[in-house]
Amino acid sequence: MAKVLVLYYSSYGHIEKMAEAVAAGARDAGAEVTIKRVPELVPEEVARKSGMKLDQPAPVATVGELPDYDAIIFGTPTRFGNMASQMRNFLDQTGGLWMSGKLVGKVGSVFASTATQHGGQETTITSFHTTLLHHGMVIVGLPYTEARQMNMDEITGGSPYGATTLAKGDGTRQPSENELAMARFQGGHVAKIAAKLAG
């Protein structure tokens, strides 16, 4: 049984909801799944005034626990076409793991959210992949066998790089069932590959 960590950052709950779907898909594929988040960097008073979701039940992860998993599925909102600074800050603390090769051969996968259809979903995921490749991780995306990413009947996220959701400029749009289904598929797909690699 593969051990999968779903590690995310979510300001307003969109990525949190996607993380839950990713985790459900991995569990359904037989994996032992843990959901954790990275620490918030925004001062609490500022976060509250901005309406950020501070009551997320997922515990905060530590860098030292990452090698305990066969696969890590990362979730982040987009910030100008890149991952959020909270996730970047967490990953920038993994130098010791890089030096010792602790993540080499682990499966890495990414899902994301943007405000708009063309707000940087794909660049966020592919730029995230650079860090995972430096760690020697095996990148897994969202293959076209998950045909929901080709749905043209509604506005939807999703690409071969990973599941995504669109939050709308004011954050009022929640992940659609189509997007959540892709997230579940990605979780299951990663879990199956991780189980094969773990032997």
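Using the three backbone atoms N, Cα and C, a Cβ is placed for every residue, glycine included.
Among the features that Swiss-Prot reports, domain 'Flavodoxin-like' is placed at 4-190, with the record citing sequence analysis.
Non-local neighbourhood of Thr78 (FMN binding site): Ala84, Ala112, Ser113, Thr114, Ala115, Gly119, Gly120, Gln121, Thr124, each in the same chain, at least six residues away, with C-beta under 8 Å from its C-beta. Feature annotation from Swiss-Prot assigns FMN binding site to 10-15, 78-80, 113-119, His134; the stated evidence is sequence analysis.
When secondary structure is read from DSSP and collapsed to three states, Tyr12 (NAD(+) binding site) falls in the coil class. Marked as NAD(+) binding site by Swiss-Prot: Tyr12.
Annotated substrate binding site per Swiss-Prot: Trp98, in sequence order, evidence recorded as sequence analysis. Under the DSSP three-state reduction, Trp98 (substrate binding site) is assigned to helix. Remark: Trp98 (substrate binding site) has His134, His135 as non-local neighbours, by Cβ distance under 8 Å and separation of at least 6 in sequence.
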Using a 10 Å radius around its CB, how many other CB atoms surround Ser10 (FMN binding site)?
24
Rounded to a whole angstrom, what is the C-alpha distance between Tyr12 (NAD(+) binding site) and Thr116 (FMN binding site)?
15
Neighbour-count leader, CB within 10 A, binding-site residues: Gly13, Gly119
Gly119
Local confidence of the prediction over the domain 'Flavodoxin-like' (4-190), expressed as mean pLDDT
97
Which secondary structure state does DSSP assign to Gly119 (FMN binding site), in the simple three-class scheme?
coil
